[in-house]
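According to Swiss-Prot, the transit peptide annotation covers 1-35. What Swiss-Prot lists as N2-acetylarginine is Arg36. Residues or ranges marked as phosphothreonine in Swiss-Prot (evidence: similarity to another entry): Thr38. Annotation source Swiss-Prot lists chlorophyll a 1 binding site at Trp81, Ser87, Glu100, Arg220. Here Swiss-Prot flags Gln138, Leu148, Glu215 as chlorophyll a 3 binding site, drawing on similarity to another entry. Taken from Swiss-Prot, the feature chlorophyll b 4 binding site covers Gln166, Arg177, and the record attributes it to similarity to another entry. For Lys214, Gln232, the entry in Swiss-Prot reads chlorophyll a 5 binding site. The chlorophyll a 6 binding site annotation in Swiss-Prot covers His247, Ala256 and is backed by similarity to another entry.
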Amino acid sequence: MATSTMALSSSTFAGKAVKLSPSSSEITGNGRVTMRKTATKAKPASSGSPWYGPDRVKYLGPFSGESPSYLTGEFPGDYGWDTAGLSADPETFAKNRELEVIHCRWAMLGALGCVFPELLARNGVKFGEAVWFKAGSQIFSEGGLDYLGNPSLVHAQSILAIWACQVVLMGAVEGYRIAGGPLGEVVDPLYPGGSFDPLGLADDPEAFAELKVKEIKNGRLAMFSMFGFFVQAIVTGKGPLENLADHLADPVNNNAWAFATNFVPGK
């Protein structure tokens, strides 16, 4: 996760831009609609955007120094920082950028899934185990796992069945995102649009470019959050909101330094 946070590229989108309308042959030739076409060269969303181009926001503001020549501000999330040279090779740049965006999306969903059930439980909503790393383990109990604490919804007793469902359902969605499906072909798997954008949020190019920046910024924060949730679970055995409540109640004794100096694995 930490590695993907530093990655800045996508194998399928590097060096490409959105073409808003398909050609007539795409519409009438084979009866299928292409979700989003790409051209050969990416074009900045707006000359006045603070997030793109040579005058974009940098990682240390006016103290950032000169950015590497290969970080031109063409892609969202490029703050001109690559101390380790991870993006120097164009193919690696493209691959890492795609990995980062996908991990960002998973991390945002994961962070919400870790916090929201615990938030509901702390406000009186009863639906079984709310702590994220404890909820899944209930499937190994004798009674199995009831989704939302209601056996009439989904009652799971087999981890293999859950795994198979995940593979089939998520595999189908990912396959559609990458290779297209009955609702249309996908040319840009990283930003497929079409059925993946039912609200039409990407219809306006400038708004779409800004949304890409918001996505990558929030996704990076979410990846760090998930890493923090993992560490908290191992060290304290509690959920993130319970840890936060403990810290606010007694910040002197409940903080990262106090746990780091007293942590003994297995206890």
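Cβ coordinates come from backbone N, Cα and C, glycine included.
A map of Swiss-Prot features onto the structure.
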| residue | record | DSSP (3 states) |
| --- | --- | --- |
| Trp81 | chlorophyll a 1 binding site | coil |
| Glu100 | chlorophyll a 1 binding site | helix |
| Gln138 | chlorophyll a 3 binding site | helix |
| Leu148 | chlorophyll a 3 binding site | helix |
| Arg177 | chlorophyll b 4 binding site | helix |
| Lys214 | chlorophyll a 5 binding site | helix |
| Arg220 | chlorophyll a 1 binding site | helix |
| Gln232 | chlorophyll a 5 binding site | helix |
| His247 | chlorophyll a 6 binding site | helix |
| Ala256 | chlorophyll a 6 binding site | helix |
Inset, instruction - Go through Gln138, Gln232, the listed binding-site residues, and name the one with the sparsest Cβ surroundings, counting other Cβ atoms within 10 Å. - result: Gln138
Legend entry - Neighbour-count leader, CB within 10 A, binding-site residues: Lys214, Arg220: Arg220
Inset, instruction - From the binding-site residues Ser87, Glu100, Gln232, His247, pick the residue whose C-alpha lies nearest to the C-alpha of Glu215 (chlorophyll a 3 binding site). - result: Glu100
Inset, instruction - Have a look at the binding-site residues (Arg177, His247) and report the one with the fewest Cβ neighbours inside 10 Å. - result: His247
Inset, instruction - For the chlorophyll a 3 site as recorded (Gln138, Leu148, Glu215), determine the largest distance between any two Cα atoms, in Å, rounded to the nearest integer. - result: 33
Inset, instruction - Could you tell me which three-state DSSP class Ser87 (chlorophyll a 1 binding site) falls into? - result: coil
Legend entry - Cα-Cα distance linking Arg220 (chlorophyll a 1 binding site) and Lys214 (chlorophyll a 5 binding site), given in Å to the nearest integer: 10
Inset, instruction - Rank the binding-site residues Ser87, Gln166 by the number of other Cβ atoms within 10 Å of each Cβ and report the first-ranked residue. - result: Ser87
Inset, instruction - Do me a favour and check the Cα-Cα span between Trp81 (chlorophyll a 1 binding site) and Ala256 (chlorophyll a 6 binding site); whole Å is fine. - result: 28
Legend entry - Nearest of the binding-site residues (Leu148, Arg177, Gln232, His247) to Glu100 (chlorophyll a 1 binding site), judged by Cα-Cα distance: Arg177
Legend entry - Rounded to the nearest Å - Cα separation of Arg220 (chlorophyll a 1 binding site) and Gln232 (chlorophyll a 5 binding site): 19
Inset, instruction - Would you mind checking how many other C-beta atoms are within 10 angstroms of the C-beta on Ala256 (chlorophyll a 6 binding site)? - result: 12
Inset, instruction - Among Leu148, Arg177, Gln232, His247, Ala256, these being the binding-site residues, pick the one whose CA is nearest to that of Ser87 (chlorophyll a 1 binding site). - result: Arg177
